[in-house]
């Protein structure tokens, strides 16, 4: 049996990005998830439902570092595989003076500037523009998975009830290191059970429209979770994601028709060309492809990205572990937690993967482990 250095729990964008990072470092890894990258219609994980665009809302240096690193990697991806990642113009519009606060990333993105009055259409009075990146998220997930499989990294479907099981899965054998990228699963996974993890429901509308630019509504008076945005997807299909909403602690995956209608109305106001009639139609003329719901994996304190040393085995957890988790009398192991990123999963993914890679390096050095090349 192949000997693995680590098992990654979670096959969303974080789990797959981390697996790629560790593979590039020469580690033998495997990915295990309830849902696989091909399950693009599953509401069991958030990754397939994202827009996604790079629009950082980092509030501290660690978050800024992750987002900026990912931005730089997206630049490379956009040149190499443009149908996955594309650089395009962004426009953020608002009505009242002072609504926009100058962002930290104004010198990271391309061509940041305030719009002239004649460049802003009614009912808006102010705006800002710059260029950044958007992803075709379903294709990007499949790309990450394909890259891993080409490197002979297994991506397996398994439903684990406890963290301890991951250290001795029948298909993979015994490992001493697990990466916990379980997203919302971190709330219920035995051995983690983080009560501060919760969902933030997002609802979007996938449409087909002749729009190539991203748009966002800046409205300090908007209802919580109700801020319109428009994200064209790279590729030849002409697909555009319209959003959005952000409803904390809402576990429902049902589409709310009233929310969908409000999204279409607000987005048509942001960019009338969505109607396919040069802006001369109404929101009802927008060509709707599908209505979508995803549950963002949020954590009250933000991302948890840290190493935890654990002891597993019959002497420690005989009352909790499943049979697969009982692997001897008190074996010392490690786990790197990487969950709770909320709505910033894609725009921080590669920066988080880099950080996890550094934590793994430190853990292996401390534990006198060598990669199983």
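Each position is counted from 1, following the chain as shown.
Even glycines carry a Cβ here, placed using N, Cα and C.
The (R)-lactate site recorded in Swiss-Prot includes 229, 296, and the single candidate from 239, 246 that the record places there is 246. 35 is the only one of 5, 35, 285 that Swiss-Prot places in the FAD site (with 11, 14, 46, 47, 51, 53, 296, 342, 345, 346, 347). Calculated from their C-alpha atoms, the gap between residue 271 (disulfide bond) and residue 53 (FAD binding site) amounts to 17 Å. Comparing Cα positions, residue 180 (N-linked glycosylation site) lies closest to 11 out of the recorded positions 11, 47, 57, 214, 229. With respect to their backbone Cα atoms, residue 229 ((R)-lactate binding site) and residue 214 (disulfide bond) stand 7 Å from each other. For residue 47 (FAD binding site), the count of additional Cβ atoms within 10 Å of its Cβ stands at 29 [all protein chains shown]. Distance between Cα atoms for residue 346 (FAD binding site) and residue 296 ((R)-lactate binding site): 12 Å, as a whole number.
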